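These notes are about the structure you will find just below.
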Amino acid sequence: MSKYHQQSSQEVMKILGVTSQGLNDYDVQSRQEEYGLNKLVEGKRTSTFAVFFGQFKDLLVIILMIAAFISFLLGEVESTVVIMIVITLNAILGTVQHVKAEQSLDNLKALTTPIAKVLRNNQIVEIPSEDVVVGDILYLDAGDYINADGRLLESYNLHINESSLTGESLSVEKNSSTIKEENVIIGDKKNMVFTGSFVTNGRGTVIVTAIGMETEIGKIANLLDTAKEKKTPLQVSLDNFGGNLALGITIICLAIFTIDLFRGRELVDSFMFAVALAVAAIPEALSSIVTIVLAFGTHKMAKENAIIRKLYAVESLGSVSVICSDKTGTLTENKMTVQQVYVDQKVIPHDQIQTKNTVEKNLLLMSLLCSNASLTDQKEIGDPTEIALVKLGKQYNLDALNIRDHNLRVAEIPFDSDRKLMSTVNRINNKNIMITKGALDVLLSKTNKIVTSEGIIDITEVNRKKIEEVNHNFSMNGLRVLAITYKEIKPNRSIGVEDEKDLIFAGLIAMMDPPRKESKAAVESCINAGIKPVMITGDHKITAISIAKQIGILKDPSEAIEGHEIEQLTDKQLQEKVQDISVYARVTPEHKIRIVKAWQEKGNVVAMTGDGVNDGPALKQADIGVAMGITGTEVAKDASSMILTDDNFSTIVKAISNGRSLYTNIKNAILFLLSGNAGAIFVVLYATVLGLPVPFLPVHLLFINLLTDSLPAIAIGLEPHNKNIMKDKPRDIRTPLLSKKFTTQVVLEGLLIAIATIIAFRMGLQTGDTLTATTMAFTTLCLSRLIHGFNSRSKESIFKIGVFSNKYTWLAFLIGVLCLHCVLFIPTLADMFDVATLNGVQLVFIYALATMPFIVNQWYKLLFVRSK
Ligand code: ATP
C-alpha cells in the first residue's frame, strides 16, 4: 500500500473514511475508543517512594541519625525513638509537600492545554488537542503548534518550522501536491505536517493521519521529556545559603566539640551540644515553606486570570519597572465595530451605505471575500478586525459564507503583522480578482487607480491627499482604518507578495475598538507604583496616540514614534531616547526585541506582552514574557512566563501587585524562621562559652523547627495584600534577599529571643535541676518564637496593619501553643520529650519572658517605623 504522502488528498480522505463535512460525533467516539487520546506518554516521574527516601539524604537528617544511634548505644532508647519518629514525620511531610507542589504545577499546566481547530459535523470547533482523532480535519494558522501528524488538504503560503524533528531551524514551505517517491525523509515530506512543529506563516488544512505515540515524534522520542520546573533564583540562593550554613555550622560544631573535650566535658555531653547547635542552626523548613507559599500565590494569581508558567516569574514580577503592552485587545476591548466608510469620495456612516450603489456594495463584498472570519450560531470565529467586516455585511443581509461560496477563493496571501496586508484571489464573474486589504500607509503607494461612480480612473495627487486627510481624521478619533484595493489578474497564476502593487483603490473602512474600562485605572496605578506603561502597536500612530491619551499612557504626541523611526536609530541612540517614548506605532515584532533590550540596558526589569508567532523572541528576551490567553498563538504562549486568560492589561498590574506582596511575604517568613533559629544558636553558644549544661535537647529544637515554627511561617506567607504595596517603587532586583539590613534584623530579633530564653534558663538552673532548666529554656524559646510570628507579619506594627487582619497567624499561634502544652502536660509526651513538670509561677514567668521580644519589637515599630 502506498503511503499517505504518495496519495492525493482525496484518496487519503477516502481511506480514512472522512467526508468534506469532517467527522461526526459517532465517528469521533468510535475512533477515540480505537486509538485513545492524542497524547505522548510522559517520562517517568520520581516515584513517591523515591521522594520519601530522598528526604534522608539531608545533612541534618544524617547528623540526627548518628545522634539517634549514639543515644541508642548509650542506652537512651527513648531518645532514639523520638528522634527517629521526628525524622520519619519530617520525611513524610517533605514527601507530601513535594507531591502537592507537583500537583499544583500540573494543575497550572492543565489550565494552558493547547487547543486545536477542527471541522466536525460541518462546523469549525475548538477542542483540546488531546481529543483530536485520526481523520479529523485540522485548521492551521500562523503561530499554531501542530499536535498531530497529517496530510495537507489545502495550503496558503504555509511555512512550518520543524526544527524539533529535523534540527533544521529555517521554516519549510508546505503544499498539498502528491509526492511520487515512496521513501522520503521527514524533511522532504512537503505535503505532510508533524507533531511538535509549528506554523510560522500562512494557513492550511490537514487531515490527521496519526496521533499520540503513533506520530513521528512519538516514535522517535518514545517518552516526552517532562522538563522539571527550574528552581527560582530565590530558591537557589536559599539552597546555597542552607548549604553554606550547614558547612559553617559543621565546622563550628567540630571546633566546640574539640574544645569541650579538652575542657574535660563528657564525650556524650559535647556531642549533644554539637548536635543541638546543628539542629538549632539549620533552617529545615525554609525551602519547603518558600515552595508552599509560592504555590499558594500562583494559585491565587491563576484565579485572578494570570497563569504563571515559570515560577521564577513570581519573583521578578515585584521588580518590574516597565510594562510594554500591545494595544489591541490588551488595552482595548478587541471588539471592533465599523463606524464609518469612505467610498466614492464620500465619508458615510456605517448604517447609511447604499447597497443599490455598486461602488458602495462592492466595497462591502470585497471586504467579506478578503476575510476569514465567520459568524455561526451567534458565535464569532476569527480576527476581530475581520469579524467587524462580517458584521457590517450582515447589517445589509450580505452573508459572508454565502458570498465566499459564490466567488470561490483560489489563492491567498494571509495577513501578517510585518506586511500589514492580506490578499486573496477570488473567481468573480469568471475573472480572477485579487483583493488586498490592510494599512493605508502601506497600500496607498501601491495603488495607481481609484473606483468612482464614473468608473475606474487614474488616481491623482488630489485623490491621494483627500484619502490621507480622511484617514487622518478617522485616526484622530481613535479609529482603526483598513484600506480595500483590488485588481484583475490572469487566471491560473499563483500569486506572491510581489503582486501586491498597481492596485485599484476601492475605499476605507474605519472601526472603533474602545479602550477597556479598567485600562485607565490600571495605567494610573502603574505610574503611582513607579512602573512605566508603554504602548506598542501595529496600528497607525494617530490612532495609537488617541487611545493612549484616553487611558493616560501619553500626554504629548511627541512621546510617540513609528517603527521606521526606530530603524534610523542605533541601539545606543534608542537607549537614550527610550525613557521619553510612551507609544510605538506601526512596529513589527523585530522592533519589540530592540525596545526590550534598550530598557534592560538601562537597568530595568521589563514585562512585555505578545500574541503573534513572531513575538516569541521578544517574549523570551523580556524578564517577564506575557502571552495572551485568548488571542495568543501557541508559540507565543510557549515562549512566555505568564499567560493572561483574559488578555487584559489590568491583569498584569494585578499580577505585579500580587508578585510584590508574595515576595514581601516570603521575605517576612524567612525573617521569622531565621531570627528564631538565630535565637536558638545564641542560647546554645552562650551555654557553651559559659560552660553551662546543654540548654535544649535536639528533639526540642526539632519540635520547634519542624512543627511550631512551620505554621506561623506559612501564615505569614499568606498575609493579605497591603493596600499600599503599589505606592512603593519597584524592588531593585540586584539587592539580594539576605542583604546586610536583613541580616542585622535577623541578628537583633534573634538576640531578643535569646535574652528571654537565657533568663528563663538561668531561672531554671537556680532550682538546681537541669531538667527544669532545659524545660524552661525550651518552653520560652518555643513560645517566644510563636509570639514572634506576629512581629514578622509586616515591617509595620500589627497595631497599625490590624491585629486580626490575618486570621491564619492566629490559627497557627493557637495550634502551636496547644502542641507545646500537650508536650508539657501529657505525661507520655513529656517523657518522650524529656521535659519536667513546671509549676504555675514558672509558667507565668515564661509567658512574661516570651512576650518580651514582641513588646520590644512592636514598641520600636510603633515609634520608629512610619507607615505610608
Ligand atoms: P497590537 O495588538 O500590537 O496593538 P495591532 O493588533 O493593532 O497591534 P496588527 O494586528 O499588526 O496590529 O495590525 C496592524 C495594521 O494592519 C492595522 O492597523 C490594520 O491596518 C492592518 N490589519 C490588521 N488586521 C488586518 C487584517 N485582518 N487584514 C488586513 N489588514 C489588517
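Note: Cβ is positioned from N, Cα and C throughout, glycine not excepted.
TrEMBL does not curate its annotations; it predicts them automatically.
Residues or ranges marked as domain 'Cation-transporting P-type ATPase N-terminal' by TrEMBL: 3-76.
Annotation comment: TrEMBL describes 49-74 (among others) as transmembrane segment.
Remote same-chain partners of the transmembrane segment (80-99), defined as residues 6 or more beyond its termini with a Cβ less than 8 Å from a stretch Cβ, comprise 48, 51-52, 55-56, 61, 64-65, 67-69, 71-72, 284, 288, 291-292, 698-699, 702-703, 706, 832-833. Residues annotated as transmembrane segment in TrEMBL: 80-99 (among others).
Outside the transmembrane segment (241-259), and at least 6 residues removed from its termini, the chain residues within Cβ reach (under 8 Å) are 59-60, 270-271, 273-275, 277-278, 281-283, 286-287, 688, 738. TrEMBL lists 241-259 (among others) with the feature transmembrane segment.
Per TrEMBL, transmembrane segment is recorded for 271-296 (among others). Panel annotation: around the transmembrane segment (271-296), residues 58-60, 63-64, 67, 70, 90, 93-94, 97, 100-101, 104-105, 232, 234-235, 238-239, 242, 245-246, 249-250, 252-254, 256-257, 260, 265, 311, 314, 662, 665-666, 669-670, 673-674, 677, 680-681, 683-685, 687-688, 694-698, 701-702, 705-706, 709-710, 713-714, 717-718 of the same chain, lying at least six beyond its termini, place a Cβ under 8 Å from a Cβ of the stretch.
Beyond the ends of the transmembrane segment (669-689), by six or more residues, the same chain brings 238, 256, 260, 273, 276-277, 280-283, 285-286, 289-290, 293, 695-696, 701, 704-705, 709, 712-714, 716-717, 737, 742, 745-747, 749-754, 757-758, 761, 777, 781, 784-785, 788-789, 791-792 to within a C-beta distance below 8 angstroms of the stretch. Positions annotated as transmembrane segment by TrEMBL: 669-689 (among others).
Per TrEMBL, the feature transmembrane segment maps to 701-721 (among others).
Beyond the transmembrane segment (742-764), the same-chain residues lying 6 or more positions past its ends with a Cβ under 8 Å from any Cβ of the stretch are 667, 671, 674-683, 686-687, 692, 695, 772-777, 779-781, 784-785, 788, 791, 842, 845-846, 849-850, 852-853, 856-857. What TrEMBL records for 742-764 (among others) is transmembrane segment.
The feature transmembrane segment is assigned by TrEMBL to 770-787 (among others).
What TrEMBL records for 808-829 (among others) is transmembrane segment.
As annotated by TrEMBL, transmembrane segment applies to 841-860 (among others).
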Helix, strand and coil totals (DSSP H, G, I; E, B; other) for the domain 'Cation-transporting P-type ATPase N-terminal' (3-76): 46 helix, 2 strand, 26 coil
Cβ pairs under 8 Å between the transmembrane segment (841-860) and the transmembrane segment (701-721), at least three: no
Remote residues contacting the transmembrane segment (770-787) - C-beta distance under 8 A, at least 6 residues beyond either end: 676, 679-680, 683, 693-697, 700, 703-704, 708-709, 712, 753, 756-764, 812-813, 816-817, 820, 824, 834-836, 838, 842-843, 846-847, 849-854
Long-range neighbours of the transmembrane segment (808-829), counting only residues six or more past its ends (CB under 8 A): 703, 707-708, 711-712, 714-716, 718-719, 775, 779, 782-783, 786-787, 789-790, 793, 835, 837-838
For the domain 'Cation-transporting P-type ATPase N-terminal' (3-76), the mean pLDDT of the predicted model: 83
